[in-house]
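Feature annotations, reproduced from Swiss-Prot:
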- H189: active site (ACT_SITE)
- S263: active site, nucleophile (ACT_SITE)
- D410: active site, charge relay system (ACT_SITE)
- H438: active site, charge relay system (ACT_SITE)
- 185-439: domain 'AB hydrolase-1' (DOMAIN)
- C46: N-palmitoyl cysteine (LIPID)
- 1-45: signal peptide (SIGNAL)
Amino acid sequence: MGFSRSLNRTVGVFVFFILDIVDFLLCFTYKTLDFFFESEWKPCYCCPPPEAKPISAGGNRGGKMIVSERSGDYSKVVSLTRTKIYLDEISDTLYSRPSLLTKLTKLVKCFKKDVVKCCDESKKRSPSTKKTLLTVNSTVVEKLQRTPRWSDCHCTFCTSWLSSSNQSLFVNVQQPTDNKAQENVVFIHGFLSSSTFWTETLFPNFSDSAKSNYRFLAVDLLGYGKSPKPNDSLYTLKEHLEMIERSVISQFRLKTFHLVAHSLGCILALALAVKHPGAIKSLTLLAPPYYSVPKGVQGTQYVMRRLAPKEVWPPMAFGASVASWYEHISRTVSLVLCKNHHLLEFLTRLLTRNRMRTYLIEGFLCHTHNASWHTLHNIIFGSGSKVEAYLDHVRDNVDCEVAVFHGGRDELIPVECSYGVKRKVPRARIHVVPDKDHITIVVGRQKEFARELELIWRRSTTPQLHSIN
């Protein structure tokens, strides 16, 4: 066991050093391609913040601005066209992802430091080179950039939101034929997924009694499925929550509702429970990514290293590491797979002779790289120090049943995360399903899971069973 782990780490050092170089080269490749297709150099997060050139957005329509904020030993610098952002919602993992290559380049930078410093001081004395810096701590998003990037999919499915003036999330609704549902259930999918994760598995398998009493609402998160995919969005927690509140809670006038969430969706579900404590009737979490952050450790970096440990085995950990650490390699994967998802669906049907349903491919590939990259860092990693506070609030202030399901063979999010939820919320019921992983916790056992959900919803009508400790 010790030898295999050492071998895994040793091979990982070599493999990820090669990937560091590849990502570095792809950075220049995409800058060139972006300029060729869009007549503009697009900024990326591997660019050193001190070299950014901030300008004022001014009053020009569509003008760009650079937002800068000092945080510790580095600056957060964001180039955007949005009129509304939240710097406190931006994860430092976007800017600080140290690699062997960056450590080597720091040696060169240290050598040039004195020369550069002298040049900078001389420039500061010259009025003509004075920079206008716009520092923003908290603002709000008001417009969506509606033009998809050249590297994103332009098919009718992925761009259907562009033809609508209503910039709301897509919500798949199933309700009783008489439109007289007694209760509401909101489903929130996970990372690289969509509402089809629920509609193709659970919705057809609910009992007739449940279908006649509950209104089911499965939402496509911002940047996924049929929902808007603004390429200038930073996909922060506040943006996601505001869109869910506007598109689901306000749109359907939900006063009370049950919440069912998977993986990434668990973070959003907990945040919703904190904002609407009196509206939650039950809270069901599947594979919640909760990591208890040790004291004195930066939460964002800790969660990133737990989820993406830079190891080549198992394959799930390797894939998560590549997606998390390499902005340009992950964009290449998106360019090859997401932009050609219709071809992949066709080939899958052809090779399996239509014996395999392709809804998982739709959920996995119908997003933009900008959406997946920012959601991963700003929600999953950026919430490292927030989930614990959310759980404390749910324990003390949200009077509802809490149920947690986890696959015993989940290689992406370990089952220890669910036990951590139990320690924070003692009344939570933990269900570890043997021989199931991150996806098969639902897919393949949808009938059984549908019955389990119905039992939770029925039980939630008895308050004394889940009174707050």
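Cβ atoms are placed via backbone N, Cα and C, with glycine included.
Sequence features, as recorded in Swiss-Prot, placed on the structure.
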| residue | record | Cβ neighbours (10 Å) |
| --- | --- | --- |
| C46 | N-palmitoyl cysteine | 18 |
| H189 | active site | 26 |
| S263 | active site, nucleophile | 25 |
| D410 | active site, charge relay system | 23 |
| H438 | active site, charge relay system | 21 |
Q: Sorry to bug you, but what's the C-alpha spacing from H438 (active site, charge relay system) to S263 (active site, nucleophile), rounded to the closest Å?
A: 8
Q. For C46 (N-palmitoyl cysteine) and D410 (active site, charge relay system), what Cα-Cα distance in Å is obtained after rounding to a whole number?
A. 31
Q) Which of the three DSSP states, helix, strand or coil, fits H189 (active site)? A) coil
Q: Looking only at C-alpha atoms, tell me how far H438 (active site, charge relay system) is from H189 (active site), rounded to the nearest Å.
A: 12
Q. Where does C46 (N-palmitoyl cysteine) sit in the DSSP three-state scheme?
A. coil
